[in-house]
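All remarks here apply to the structure that follows.
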Amino acid sequence: MISNDLAITSDLVASHGLKPDEYQRILDLIGREPSFTELGIFSAMWNEHCSYKSSKKWLRTLPTTGPQVIQGPGENAGVVDIGDGDVVVFKMESHNHPSYIEPYQGAATGVGGILRDVFTMGARPIAAMNALRFGAPDHPKTKHLVSGVVAGVGGYGNAFGVPTVGGEVNFDARYNGNCLVNAFAAGLAKSDGIFLSEAKGVGLPVVYLGAKTGRDGVGGATMASAEFDEKIEEKRPTVQVGDPFTEKCLLEACLELMASGAVIAIQDMGAAGLTCSAVEMGAKGDLGIELDLDKVPVREDAMSAYEMMLSESQERMLMVLKPEKEAEAEAIFVKWGLDFAIVGKTTDDLRFRVLHQGVEVANLPIKDLGDQAPEYDRPHVEPKKPAPLAANDIPQADIADALLKLLNSPDMSSRRWVYEQYDTLIQGNSLQRPGGDAGVVRVEGHASKALAFSSDVTPRYCEADPFEGGKQAVAECWRNITATGALPLASTDNLNFGNPEKPEIMGQLVSAIKGIGEACRALDFPIVSGNVSLYNETNGQAILPTPTIGGVGLLKDWDRMARIAFSGENQPILLVGAPQQWGTHLGQSVYLRDIHGRNDGPPPPVDLEAELKVGIFVRGLIERGVAKSVHDLSDGGLAVGLAEMAMASGIGATVPGLADIDPIPVFFGEDQNRYLVALDLDAQGSEFEALLREAEAAGIFAPWIGTTGGTDLKLGQARAVPVADLVNAHESWFPAFMEG
Amino acid sequence: MKSAVVLVPGLNRDRDMIAALTKVSGQAPATLWQTETTLPEGLDLIVIPGGFSFGDYLRCGAIAARMPVMRAVADAAKRGVTVLGVCNGFQILVEAGMLPGALMRNTSLKFVCREVKLQVTNANTAFTRQYQPNQIIRCPVAHHDGNYFAEPEELERLEGEGRVVFRYAENTNPNGSINDIAGIMNASGNVLGLMPHPENLIESAHGGDDGRGIFESVLAKAA
Amino acid sequence: MIKARVTVTLKNGVLDPQGKAIEGALGTLGFEGVSGVRQGKVFDVEINGTDKAKAEADIKQMCERLLANTVIENYSISMD
Amino acid sequence: MIKARVTVTLKNGVLDPQGKAIEGALGTLGFEGVSGVRQGKVFDVEINGTDKAKAEADIKQMCERLLANTVIENYSISMD
Ligand SMILES: Nc1ncnc2c1ncn2[C@@H]1O[C@H](COP(=O)(O)OP(=O)(O)O)[C@@H](O)[C@H]1O
Ligand SMILES: [Mg+2]
């Protein structure tokens, strides 16, 4: 066991990820040299992962409020009102570095962590999503990472019992050295049944609940903030193993305990477990905390104070309980077979005191641990805007061939191989499972309400222009939710970037946050929770900037809900929100990248005013019951959008195209704020007529571009492609890649 | 109908099952915690729902099968009470020795959640009366270990006695199960185990109600 | 304290999907001439006391009642 | 034909949820004084040929590349 009196050398300080000036700040704050355990506590509290020291200044600029927001950033998860006394509680969090080292356990514990954030607040988890980015398909590690991560996400979520209703998977060589695993979870609670981490009352018992503490992930939070290098093998033993069974018991025990009225404050142990959770509970409540480590349930011998304070063993909670309810609480812990112990008490001296084997191993000012964490305004350079493509720069290809090739490509192919490994229907409320625009889950106990969930970002757009890319991520998420008929309520973000100490990377982060903020404000889509993951770099190569946006929307009546499948034959198809030429923008399109190997040009700009207007119009059509089949356009443009609607239904369509206009941008342009809407109306009838006039009056271009029916998809002059061939192309890439 | 749902830590389709039983019978089932040794009087149906009892650790259903409540369930079955085990519930019944054979890892070695087609191989049982003989129904599956195995003699007996009640049809066997077996019953015909999840296909919100017939059959018998 | 290891293997004739898949994967990885791959389990347990005979009898009971599914599995016990 | 058995166990300190659950179940079944239950895997493999040294080297490769997850597991090889 390493002694707490270990000499604090500059090497030791550096190996804790603390810079010399940060260490000086510690010396100034406490007026003496820290003990070894104290150094560990500071390193955990002040690393990027817990302190947000590089991003805080910019996160503050995000919109986080609105009449619907009950709890914004600052707690374990955000809380949003959905009426009738119900609230939805949600957040997204990354587990990138651990998943690269041990994909199954890394992804599994990522899911476990985010579920815990949600039920710590008193909500029963009802939906999960996962946003995944991997290296190039032909990179030797990619397959191993895909199979491990997907199995891990499923292994944990399925056993816990939450339906996984959405997510993303992308491949790009820029993720070769750093995969991304962003996990989202949402839960339902009553507005008067929300639990917070703020401790109240002096001299009250601090109770430890859940699994025993081991040496798992000691140094893990520090690892998450360190750039990878060749010595990654040495970091292996810090892997944490997830136990979804214990988590499920913890969920049920916590909800029972909360219902019993025994809980004053509760905080899950995530990164830097006991340290972060105890400090947060005390600091928020303006109280001190005293911990007696001899009481902590441990599963390994001879654990030092340092190890116990930094352990990231999973499935653990800390709470402050009402002393008079202790017996009742204990009965619940015993029923669910969970370890528990009174490990400390609240005090009135604002100190964070840690005792181990009769010795005080730490005694620190509790508020300063969080409040005095360094905050940086890191130098950043404005990203260069890419030059637009020349007007006549339209590389040609056969439309049908290009469509089939795109549908069979790594990024555009069906994700069925992935989501069939996830339980998508447990709880019996899944109205839309993965494969559509957004996952939709019915609100239990309510006759007609449902919630829609989507997670989106287009990293190649963000690389080309982080500001527009940030806007686009928000807009696409909002659009996907709108396409089901739901009203987008609020969002969560997971900002994945490279090393912020490099001004270009910091520039990406700053611009992306500005874009996200602008879009969230314009669309009334406040950010209520989130997570930042920096230092996603290996040997100096950073990932594509990847600010994932997770959004939640409310459907008043799920009987009036749209899906992406065509709902019948002979229905007129409108392209709502299109420019006059239907499609124009090829810069950063998958068509240019995957058919012509080019990644130049600016990404498509998002006109936020138009986005809002078009979205409101489309939602109106769905609410009126005339649009049962709606799909937003994104990667691959009109051609891919139509193909996806056809494949989901087995019904073809004929879309004649425009005369005298190059069909390539028409069918493959990725112009924003567009939806395909197939109407349950007679195209000769007066209602259809009236609807077109209505769009015109609203200033929305919504041309009737074609009609559903038959078994082929006919795009302009291109050869007709049987829907069965589309399906075959779309479904075959992933299994062939993974099993080939 | 008076029904009860067994609760063991780690089971997670208990809420789905309780909701389905309530919707179909109009009456909420009782719940039986793992430590209970006596059952309520007059039960018509005991259901062991799906999930991951004890995390599926050791073998699926192995630990749950040895909890006290299962002895009471076995006694009730001997007295003729109808018992239904779905997914993990099927695995528990097998581990408890109330049904023969074993449920092994899917041949894909992957968890699989999708809709399959089921043939009602025997429509003359307490669980399937509401279906036509050999009717093909839709039903979702969600499991990692549904690959049914039995020794050849046992298998012959099951087939010969009409105790294979459901079979995966139209090439939709999701797990490599022998003879496409999806559900079997005991010799007395009052204990059924099946891998798919009829409780997740009982109303329009689920996209269909093909699973309802199982609950309605049991209900009709009780009435 | 007595330490013991229990090894549980599938009976002959019982299908072993995991073993089969592993055999296939070994072939894909270029390992040739590998056959008959079967997967089993081991359990390491520690028993209080010093009476080896009693410990062994107890462990046999644990195997029969929980650790092995004797319908499809065999077990063997080895003591330190 | 050479027969070998590979035993894969979790490294010390790595959480073993299965072992933990099994230990709990043994307690529930009335077995007392059992502790430290850890679960591992065994693989029985058959290798063509008669060169034991080569077979062992091959099996070591199989462990490194497939049979064991060396991030969290150790392995040992025993030959007939
Ligand atoms: N990118 C972000 N945008 C908005 N809020 C954020 C962001 N990143 C983190 N937060 C908020 O900061 C708080 C601390 O985050 P984190 O440490 O990840 O939470 P936890 O301790 O629950 O894991 C949370 O309330 C979180 O919602
Ligand atoms: Mg979409």
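Even glycines carry a Cβ here, placed using N, Cα and C.
The following features are taken from TrEMBL:
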DOMAIN    A:16-53  domain 'Phosphoribosylformylglycinamidine synthase linker'
ACT_SITE  A:His49  active site
BINDING   A:Tyr52, A:Lys91, A:Asp493, A:Gly530  ATP binding site
DOMAIN    A:74-188  domain 'PurM-like N-terminal'
BINDING   A:Glu93, A:Asn531  Mg(2+) 1 binding site
BINDING   A:Ser94, A:His95, A:Asn96, A:His97, A:Arg116, A:Gln240, A:Glu312, A:Ser313, A:Gln314, A:Ser533  substrate binding site
ACT_SITE  A:His95  active site, proton acceptor
BINDING   A:Asp117, A:Asp268  Mg(2+) 2 binding site
DOMAIN    A:202-354  domain 'PurM-like C-terminal'
DOMAIN    A:435-554  domain 'PurM-like N-terminal'
DOMAIN    A:573-697  domain 'PurM-like C-terminal'
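Where the domain 'PurM-like C-terminal' (A:202-354) meets the stretches A:16-53, A:74-188, A:435-554, the count of C-beta pairs under 8 angstroms peaks at A:74-188. Outside the domain 'Phosphoribosylformylglycinamidine synthase linker' (A:16-53) by six or more residues, the chain places 2-6, 8, 10, 59, 221-222, 224-226, 271-272, 275-276, 279, 304-306, 309-310, 352, 354, 356, 361-362, 364-365, 368-370, 372-376, 500, 532-535 with a CB less than 8 A from a CB of the stretch. The average pLDDT computed over the domain 'PurM-like N-terminal' (A:435-554) stands at 97.
Taken over all pairs of the listed substrate-binding residues (A:Ser94, A:His95, A:Asn96, A:His97, A:Arg116, A:Gln240, A:Glu312, A:Ser313, A:Gln314, A:Ser533), the Cα spread reaches a maximum of 20 Å, rounded to the nearest whole number. With respect to ligand 1, the binding-site residues A:Asp117, A:Asp268, A:Asp493, A:Asn531 contribute A:Asp117, A:Asp493, A:Asn531 as residues with a C-beta closer than 6 angstroms to one of its atoms, given in sequence order. A:Asp117 (Mg(2+) 2 binding site) sits 8 Å from A:Lys91 (ATP binding site), taking the C-alpha atoms as the reference points. Those same-chain residues not listed among A:Tyr52, A:Lys91, A:Asp493, A:Gly530 yet with C-beta within 8 angstroms of the centroid of the ATP site C-beta atoms are A:Leu59, A:Pro73, A:Met92, A:Glu93, A:Thr492, A:Asn494, A:Leu495, A:Ile527, A:Ser529, A:Asn531, A:Val532. Taking A:Lys91, A:Glu312, A:Gln314, A:Asn531 as the binding-site residues under consideration, the smallest Cα distance to A:His49 (active site) is found for A:Asn531. Relative to A:Asp493 (ATP binding site), the recorded positions with Cα atoms inside 10 Å are A:Glu93, A:Asn531, the candidates having been A:Glu93, A:His95, A:Asn96, A:Glu312, A:Gln314, A:Asn531. Sequence-distant contacts of A:Lys91 (ATP binding site), defined as residues of its own chain at least six apart whose C-beta falls under 8 angstroms from its C-beta, comprise A:Asn76, A:Ala77, A:Gly78, A:Ile114, A:Asp117, A:Val118, A:Phe184, A:Ala185, A:Thr492, A:Ser529, A:Gly530, A:Asn531. A:Ser94 (substrate binding site) sits 14 Å from A:Tyr52 (ATP binding site), taking the C-alpha atoms as the reference points. Long-range neighbours of the residue listed as 'active site, proton acceptor' (same chain, six or more residues apart, CB within less than 8 Å of its CB): A:Gly106, A:Ala107, A:Thr109, A:Gly110, A:Gly113, A:Val181, A:Ala183. Measuring Cα to Cα from A:Asp268 (Mg(2+) 2 binding site), the binding-site residues that fall within 10 Å are A:Arg116, out of A:Tyr52, A:Glu93, A:Arg116.
Annotation note: A:Arg116 (substrate binding site) sits in a helical segment as assigned by DSSP. A:Ser94 (substrate binding site) falls within a strand segment according to DSSP.
Taking the Cβ of A:Tyr52 (ATP binding site) as reference, residues of its chain lying under 8 Å away and at least six apart in sequence are, in sequence order, A:Leu59, A:Val532.
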